[in-house]
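Q: Below you'll find the structure I mean.
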Amino acid sequence: MGYYSLTEVTAVQYAKEHGYFEKKANVVCHEIGDGNLNYVFKLDDGEKSIIIKQALPYAKVVGESWPLSIKRATIESKALQIFAKYVPEYVPVVYSHDEELAVTVIEDLSRLSITRTGLIDGEEYPLLSQHIGRFLAHVLFYTSDLGLESEEKRVLEGTFVNPDLCKITEDLVFTDPFGHYDTNDYEPELQLTIDELWSDKTLKLKVAQYKYKFLTRKEALIHGDLHTGSIFSSPSETKVIDPEFATYGPFGFDIGQFIANLLLNALSREEEQRGVLFFHIEKTWSYFVETFTKLWIGEGVEAYTKEKQWLPIILQNIFTDAVGFAGCELIRRTIGLAHVADLDEITNKETRIQAKKQALSLGKELIKYESKNADIQLFRTLFQQTVSGGIKA
């Protein structure tokens, strides 16, 4: 029959035909997707529920003028299964994948909340940083040359060649926000700040280096879009979703993106409400280091993991990259194509513009920061300097 786009009616038909519900079951279906690239349907017959996700052959945020390969759905399904191999407690269950229709049937996580929405609403997720730190350590270690035999790693790397979505990252994260491109989207009040950003040659040179790292460093399987909208949470659970951008890339990329989105939420808050975000930033890194170190000692397959002096070098390189990638994410989420509700939903215009200027300033400082001895306190320090006026855009 070939590919066709599902509707709420045909999604129910599909689910019944594939045995998820009885033929006579009264199944309620709603399209619940709020993302940029896919349809997401929730189906419920009162006794059980499932999620059907379908990749569209174009970017929903733009329309059919921006075509995309539906093969990204297969990459997403495979990534979730790889993640589940190492940390099943942190991802939804994949029930099935239909490559022809680009349909994946997965566990319904309605018991949880989208982490971005919860953080905006002031919800507390005390285990978020522990879970994400451990998730990242396991996935990055076990899919790299450190924890995977080189032959297996090369085969796996080939499975996650993801040109369409990597191109989106290359453009929307590393290129477009740093120059005059039609994809950019920002308030006129930011123009002077942006002009200064775009004329900063030192900044652009650093961004070029981070983009080149993304293009060339195939160190481990990365989620590729690990922001707080790609995570479901409750006080006791954390589930990482939507790895359709998954590819082989730098160790520090996902860490930087996650931290950047916590910083964006911190910028939307009053000073006395920011502490929990820095708790999560710092604990994410400490749990990552703790878990990565244990895996290095106990599970390393690369011969040089026996050299104790190499581990701190690897960890410092990961941290340095995470700092720069976080800076790029801050800037692109502020003036690029895909914004975040943390900033855009600040109701007072003056406060919103000020927060966005601070995001641009902080992003610039993180990208340009150079020190081989920095630690996780760097994010708190530069943030405080930025919001206090010590750093100007």
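Glycine residues also receive a Cβ, built from the backbone N, Cα and C atoms like all the rest.
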Q: Of LYS23, LYS24, LYS53, which does Swiss-Prot put in the ATP site with ASN38, GLU107, ASP108, LEU109, ASP242, PRO243, GLU244?
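A: Of LYS23, LYS24, LYS53, LYS53 joins ASN38, GLU107, ASP108, LEU109, ASP242, PRO243, GLU244 in the ATP site that Swiss-Prot records.
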Q: Given the ATP binding site residues ASN38, LYS53, GLU107, ASP108, LEU109, ASP242, PRO243, GLU244 in the record, what is the largest Cα to Cα distance, rounded to whole Å?
A: 18
Q: Expressed to the nearest Å, what is the distance separating GLU107 (ATP binding site) and ARG332 (substrate binding site) at their Cα atoms?
A: 31
Q: Would you mind reading off the Cα separation of GLU244 (ATP binding site) from ASP225 (substrate binding site), to the nearest angstrom?
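A: With distance taken Cα to Cα, ASP225 (substrate binding site) is 8 Å from GLU244 (ATP binding site).
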Q: Cβ-Cβ under 8 Å from ASP225 (substrate binding site), same chain, 6 or more residues apart: which ones?
A: THR169, ASP242, PRO243, GLU244, PHE245, GLN257
Q: Using a Cβ cut-off under 8 Å and a sequence separation of 6 or more, which residues in the same chain sit near ASN38 (ATP binding site)?
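A: For ASN38 (ATP binding site), the qualifying residues are LYS53, GLN54, ALA55, LEU56, LYS60, ALA73, GLU244.
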Q: Only counting partners 6 or more residues apart, tell me which same-chain residues put their Cβ under 8 Å from the Cβ of ASP108 (ATP binding site).
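A: Set apart from ASP108 (ATP binding site) by at least 6 residues yet with Cβ under 8 Å, we have LYS42, ASP44, SER49, ILE50, ILE51.
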